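According to TrEMBL, the features are:
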BINDING   H26, H28, E169, D298  divalent metal cation 1 binding site
BINDING   E169, H201, H230  divalent metal cation 2 binding site
Amino acid sequence: MPSLRGKVQTVLRPVEPDCLGYTLTHEHLTMNYSSFFCPPSPGQEPLSGGPIEMKNLFWIKQNPYSHKENLLLYQETDAVKEELLHFKAAGGGTIVENTTTGIGRDMNTLKKLAEETGVHIIAGAGFYVDSTHYSQTQAMTVEQLTGTIVDEILNGADGTNIKCGVVGEIGCSWPLTQSEHRVLQATAQAQSQLGCPVIIHPGRNSDSPFQIIRILQEAGADAAKTVMSHLDRTIFDTKKLLEFAELGSYLEYDLFGTEFLHYQFHPDIDMPSDNERIARIRMLIDEGYEDRILIAHDVHTKNRLMKYGGHGYSHILKNIVPKMLIRGISQDKIDKILLANPKQWLTFK
Ligand SMILES: CC(=O)NCCS(=O)(=O)O
């Protein structure tokens, strides 16, 4: 088995890190999120069925998890292909596809999309949050879970010979469950065997990222090769965010394009706007963390696609980068965030 050291593993083949180009480190191209359906507020039930139309788009934007069809991104491969070509035309090179076991990972579709668009696609190994763990997953030991993750990277996932190139997004709830704890330990063991990149979906509590990094490190992981996703909705207090940054993981703001009044998964959380995300990133750069920042959109519902009036996969390149420049983030720093940092993270050690 040739070593992956110094390479990035896409769904087509291992490639040289220099060929990645602008990289979004947290997206989904095909996924089934139906198990996270949130029943709508009383009186709004009729809105959750039926097709996505102009007249219900605003409601879906505010209640993305209450519209049944909106959760079935896997039905939109043709639109996703078109939008990947749009991403490429906007200067994009690579997408890390974070769909793991439990939310409908589809390796064959990822391979086809990579072949047909020329965009580098990197697939995720491992498991999403506990509520999606199969009973077999719940029953597995850390060693067995490690074996599965390693196999998905070295030999291929889901009965294919198409290989994953990162571990994650590894799903964590708050409070963390025992099964998620074992998956984290297995993630750390796989990382220490393979030198691979890891990406984590934390629970919706500001203590969750700290707990996760501690568990990973105790099990042998390298925080410097690990991404903490979804910081947009997880750590709001500046002092606490800087304390977390000190632990050494990548700091990912990956919900660009998500702007709504009411965050259905956690009503106590006010989802920030894109302008607030840019201000946070600016603060982290000013504090010296420019080598640790990553950004993405985490497209995972249909309404985020351009086909349905959403921003697609090009919003960061077309709209966020120009706004970052206006807010005093230099092109040099932007290139770190979209080019150098992803390349560094994705290269096997
Ligand atoms: C696919 C996925 O994990 N979506 C949820 C993102 S969120 O930050 O927990 O809302």
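Any Cβ shown, glycine's included, is placed from N, Cα and C.
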Spatial neighbours of D298 (divalent metal cation 1 binding site) that are distant in sequence (at least 6 apart) but have CB under 8 A: H26, E27, H28, N98, S229, H230, D254, L255, T258
Lowest local Cβ density among H26, H28, H201, H230, which the record lists as binding-site residues, within 10 Å: H230
Env. residues of divalent metal cation 1 site, Cβ within 8 Å of mean position of H26, H28, E169, D298 Cβ: E27, V96, E97, N98, T99, H201, S229, D254, A296, V299, H300
Assigned conformation of H230 (divalent metal cation 2 binding site) - DSSP reduced to three states: coil
Distance, E169 (divalent metal cation 1 binding site) to H201 (divalent metal cation 2 binding site) (CA atoms, angstrom): 6
All-chain count of other Cβ atoms within 10 Å of E169 (divalent metal cation 1 binding site): 29
Assigned element (helix, strand, coil) containing H201 (divalent metal cation 2 binding site), judged by DSSP: strand
